[in-house]
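Heads up: the structure comes next, in structure tokens.
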Amino acid sequence: MSGAALGLEIVFVFFLALFLLHRYGDFKKQHRLVIIATLLAWYLCFLIVFILPLDVSTTIYNRCKLAANSSPAESNGSYVTLAPSKQKCFKPWSYIPNGIMPIFWRVVYWTSQFLTWILLPFMQSYARSGGFSITGKIKTALIENAIYYGTYLLIFGAFLIYVAVNPNFNLQWNQLQTIGIAAANTWGLFLLVLLLGYGLVEIPRSHWNGAKRGYLLMKTYFKAAKLMTEKADAEENLEDIMEEVRKVSESIKYNHPLRKCVDTILKKCPTEYQERMGRNMDDYEDFDERQNSYPSEKSLVKLHKQVIYSVQRHRRTQVQWQILLEQAFYLEDVAKNETSATRQFVHTFHSQEPENKIIQYFYTPTVEWYWECLLRPWFYRVLAVVLAMFSVIVVWSECTFFSTQPVLSLFAVFIQLAEKTYNYIYIEMACFLTIFFLSICVYSTVFRIRVFNYYYLASHHQTDAYSLLFSGMLFCRLTPPLCLNFLGLTHMDATISHKNTQPTAYTSIMGSMRVLSFIADGFYIYYPMLVVILCIATYFSLGTRCLNLLGFQQFMGDSEMTSDLIDEGKELIRREKRKRQRQEEGENRRREWKERYGNRDDSTRNRVAHTDQKESSFSETNTNRPLSKYTRSNGRTERDRIELLQDAEPLDFNADSVNDDPLELDSGR
């Protein structure tokens, strides 16, 4: 089993990251480099979270083996081993051989740092660029990131000059590397505590509110009203952009040098707009002979960027509106079925997507009623209580993990108790649950947060390239300080435990933070205590109230604006429900008509086909006969037609009035 657990987790985490990226991204429409870069960033961050418990269990085994092979208080290099334990050191089932983990962590860490600080910011600007060529997009990305990269180079250069001038500093390359890692982790820890303080309160509260059907339905109505406003705004914005595209397309003809750029813009437009604009593109005019003001290439680049953004936003709002309608209809069905005497779940509308037969066999209407109306609320309540207990333990440990005598961090107590008995499965499970809960609190906040329309992770393949790359940047910057914070909570970090024991492979890659004592002994220890204030602010919804005062409508039960939006959303859902009911009634009537009169129509159709076949056979027999017999009569018929046409007089359209009464016509005519 040596190394097998590592290989299994590497494969499992890859498919997990691929599944999440498929849910939020669009593999068919988005650029492959964007998909690959985002997948790599998510994969490396999730991999660190899943592999770190194996590193902890392997480190505990190595400490036990080192202590068993040495005398009491014997010095072993830079570490002082403990007294040998009389209990035999059992090798864990997930033991990773020496030398593998340092290389693994070094590759994973530096790859993620290269992604978050260099590659992903460049790809963000490249994805948002409206250039028509690869060279133009690269040029735009370099210009936009010049200030970004120049700021870091200026700070680093000033620091190097200060170190070179000051004789008190004698830093080596390893120490400079540690300072760079400490700077990156400090920035990540600052953002980590903000996101963690929100997630520790909001995740248990969201599950507790998930058991309240009335609460969920009111919040869905509120979302419907806000989304309808955003949807109307997106449609209006798209119409304005398409009008500009139409004007540009009509002014720049086929023989213009910039026509290729216009064609590229037209390809990004929706199909109905492409067909509408293509009707007036049949003429060919020489642009040199006309003194018209044509748009420049720079303006076309700006228009191309606006088209990409407006089309993506319009498509996203349309999909989200349909999803929200399904959710609202389902919640209304749950509210109706709660008082059902038959205890069978009845849907107002049938699912538009075909359901799996296996799910239909086991998830019957009776099972669905018991789950949705009876068991699910209690399950969410129990889960909310468990998550709230985890949150309390995390907050307590964040405030007391610096205390080593006595050990007050509950996570450190659990790990040390398991370490005495060398129960590696318990150690790995405790470590995994701890870091997994911390990751859920942080990562779920990244998925929920929305910065206007610039950063927004929308499910059902509606996330744009910029938001995907930005999420990869956040994950790569948050994961290393998250893991260091976890090691501090469990006292596996020598900087926190103040013990000269063998560190984990992950900590050895980070280097000794003693180079910057004010960060190691100050910021890393006392700044996480700020999570208490953030949790209190989140519990009382201070951020939501501030946004509501600034004009950003948020869901608040005691707000008049919230009540108005709920009523508006309820009316919108009712209107959409009536529309869908009329559609289903029309489809049912057509289906019944087809089932009732389908056989009669088939018989009538067969009778008409049989008559046509007889007439065609009769005409074929007539055409096969000699034509000389009918030549004279046919010619006479044609002469009669010509005489009738010559005898008819044309109408005088210039007359004052036209008399249509045949009784008042001249007798000669």
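In case you wondered, yes, glycine gets a Cβ from its N, Cα and C as well.
Nobody curates TrEMBL annotations by hand; they come from automatic prediction.
Features of the protein shown, as given by TrEMBL:
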- 6-21: transmembrane segment (TRANSMEM)
- 33-52: transmembrane segment (TRANSMEM)
- 103-126: transmembrane segment (TRANSMEM)
- 146-165: transmembrane segment (TRANSMEM)
- 177-201: transmembrane segment (TRANSMEM)
- 224-251: coiled coil (COILED)
- 378-396: transmembrane segment (TRANSMEM)
- 425-446: transmembrane segment (TRANSMEM)
- 466-489: transmembrane segment (TRANSMEM)
- 523-542: transmembrane segment (TRANSMEM)
- 576-669: region 'Disordered' (REGION)
- 582-617: compositional bias 'Basic and acidic residues' (COMPBIAS)
- 618-634: compositional bias 'Polar residues' (COMPBIAS)
- 635-644: compositional bias 'Basic and acidic residues' (COMPBIAS)
- 658-669: compositional bias 'Acidic residues' (COMPBIAS)
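Of the two recorded stretches, the transmembrane segment (378-396) lies close to the transmembrane segment (523-542), with three or more CB pairs under 8 Å once pairs fewer than 6 apart in sequence are set aside.
Sequence-distant contacts of the transmembrane segment (177-201), counting only residues of its own chain at least 6 positions beyond either end whose CB sits under 8 Å from a CB of the stretch, comprise 113, 117, 159, 171, 391, 394-395, 438, 440-442, 444-446, 474, 477-482, 484-485, 510-513, 515-516, 519-520, 523-524, 527-528, 530-531, 533-535, 537-539, 543. If you look at the transmembrane segment (103-126) against the transmembrane segment (466-489), you find at least three C-beta pairs under 8 angstroms, all six or more positions apart, and that counts as contact. As a quick check, the transmembrane segment (425-446) and the transmembrane segment (466-489) clear the bar of 3 or more Cβ pairs under 8 A, pairs 6 or more apart, so the two touch. Taking Cβ pairs closer than 8 Å, the transmembrane segment (33-52) reaches residues 6, 9-10, 12-14, 16-18, 20-21, 25, 27, 104, 108-109, 111-112, 115-116, 119-120, 123, 127, 431-432, 435-436, 439, 465, 468-469, 471-473, 475-476, 478-480, 482-483, 486-487, 504, 506 in its own chain, all 6 or more past its ends. Model confidence over the coiled coil (224-251) stands at 92, taken as the mean pLDDT rounded to a whole number.
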